[in-house]
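Trainee: Just passing along the structure, written as C-alpha cells.
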Amino acid sequence: MAEHLSQSELDYPFKLLEYFNGFRISKAIFSACELGVFDLLLQSQKPMSAVEVAQKLGTSEDGIERLLDVLVAIEIVDVEVVQGTAFYSSTDVANLYLAKTSPKSLHDLIIYNSQTIYPLWNNLVDAVREGKNQNEKTFGLPSEEIFSAIYRSEEEMLKFMGLMNSTWVIDGHDIVTAFDLSSFKTVIDLGGCSGALARELAKEYPSSTVTVLDLPAVVQTAQRHFAQQDDTICFQEGDFFEGEIPPADLYILARIIHDWKEDKNLKLLKKIHTACHPGGGVLIAEALLFENRRGPTMVQMFSLNMLVQTEGKEHPPSHYTRMLTDAGFRDVQVCQTGKSYDAILALK
C-alpha cells in the first residue's frame with residue numbers, strides 16, 4: 001500500500017479514515033431517504049428549521065438536526081443560519097436523485113441497499129471465509145435459491161424491481177445507444193424486470209418490437225406497479241433458463257450474467273444462439289472490470305456484493321468475449337460507457 005500513498009498520507013491516514021467512515025455516510029443518506037427528508041425539503045416552499053422537520057417527520061429534534069448537518073457536510077442539503085437558527089433546504093442533486101417524485105429518482109435503489117444489501121454485508125467475513133452468499137444467515141433462506149431470497153415476498157420483489165427500475169432510468173440510455181441497434185426489429189429483454197431498459201430501447205428505436213420476458217410473478221408485478229400510459233413494450237411470462245426462448249433478432253441480458261456461475265451462463269448463451277435469427281445477436285449490459293485487476297473500484301465492490309448475495313461475480317471484457325465465442329457468437333464488440341454499466345454486443 002505504501003508505494004501508492006503520498007508521504008502526507010503516511011504521516012496521517014486521512015484517506016484510510018475516510019474509507020473507514022464510508023459506511024456511516026451511506027447509512028446517513030439511506031436513513032434520510034427512509035425518513036422522507038428529501039421529499040419534505042423538496043415540497044417545502046421555504047427553508048425549514050430542524051424543529052419544523054422533526055415535527056413533520058415525527059422524529060426527535062436533536063436526531064434530525066444531527067442528520068441534517070451530516071447531509072449539509074456532504075453537500076446534499078444546504079443550510080443558512082439566521083439569528084442563531086439553522087434553516088435547511090434541498091439541493092438540485094437531492095431533488096433530482098433522492099426525492100421519490102423525480103423521474104430520475106434513486107430512492108428505490110437506496111431503499112434496497114439499506115434494507116437488503118446492508119444486512120447481507122454484515123456477514124461479509126463469513127461470505128469470504130465460506131465462498132458463498134449469505135442469504136441463509138441473513139434471511140433464513142437457502143443459499144442455492146438466490147432468487148427465492150430476492151423475491152421472498154411481494155414487498156421484497158417490489159424493492160428489487162424498484163432497484164432495477166432506478167438503475168436503467170439513469171443508465172439505460174447509455175446502454176441502448178452504445179451500438180446502433182436499429183437493424184434488430186424484434187428484441188427480447190430476458191429477465192427485463194420492470195421494463196425500464198426495454199422502454200429506453202423502444203424510445204430510441206421506435207420501429208423495433210420490444211418484449212420483456214420474465215417470470216410470471218415478475219411480469220404481473222411489473223404490469224401492476226410499473227406500467228406507463230404510453231408503453232409500447234410488451235410483456236411475456238416465461239423462464240428463459242428452464243423454458244423455451246422465443247425467436248428474435250436481438251436478446252438483451254442486462255445484469256443477468258453476473259448472478260450465475262459460468263457453466264449456467266454458457267448454457268444460457270448457447271440456448272440464445274440457437275433461438276436467435278440469422279444475423280441477430282445478443283446485447284449484454286454488465287459492469288466491466290479492468291483487465292489488470294486495478295478497478296474500477298465500484299465494479300470490484302459490485303463483484304464482492306455478488307459474493308454475499310448471488311452465485312456470480314463481475315468480469316473483465318476478455319471473459320465475456322471468450323464465453324460468447326464459446327457459445328457460437330462472433331464479432332464481439334465492447335463499449336465501456338464510463339458510467340456504472342457497460343455494453344457488449346455479439347452477432348450470430
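Just so it is clear, glycine is given a Cβ too, placed from its N, Cα and C backbone atoms.
The domain 'O-methyltransferase dimerisation' annotation in TrEMBL covers 17-99. What TrEMBL lists as domain 'O-methyltransferase C-terminal' is 121-330. What TrEMBL records for His258 is active site, proton acceptor.
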Trainee: Around His258 (active site, proton acceptor), which residues of its chain at least 6 apart sit with Cβ under 8 Å of its Cβ?
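Mentor: Looking at Cβ-Cβ distances below 8 Å from His258 (active site, proton acceptor), excluding near sequence neighbours, one finds Glu286, Ala287, Phe302, Ser303, Met306, Thr310, Gly312, Lys313, Glu314, His315.
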Trainee: Given the model, what does the mean pLDDT over the domain 'O-methyltransferase C-terminal' (121-330) come out as?
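Mentor: A mean pLDDT of 96 is what the predicted model shows over the domain 'O-methyltransferase C-terminal' (121-330).
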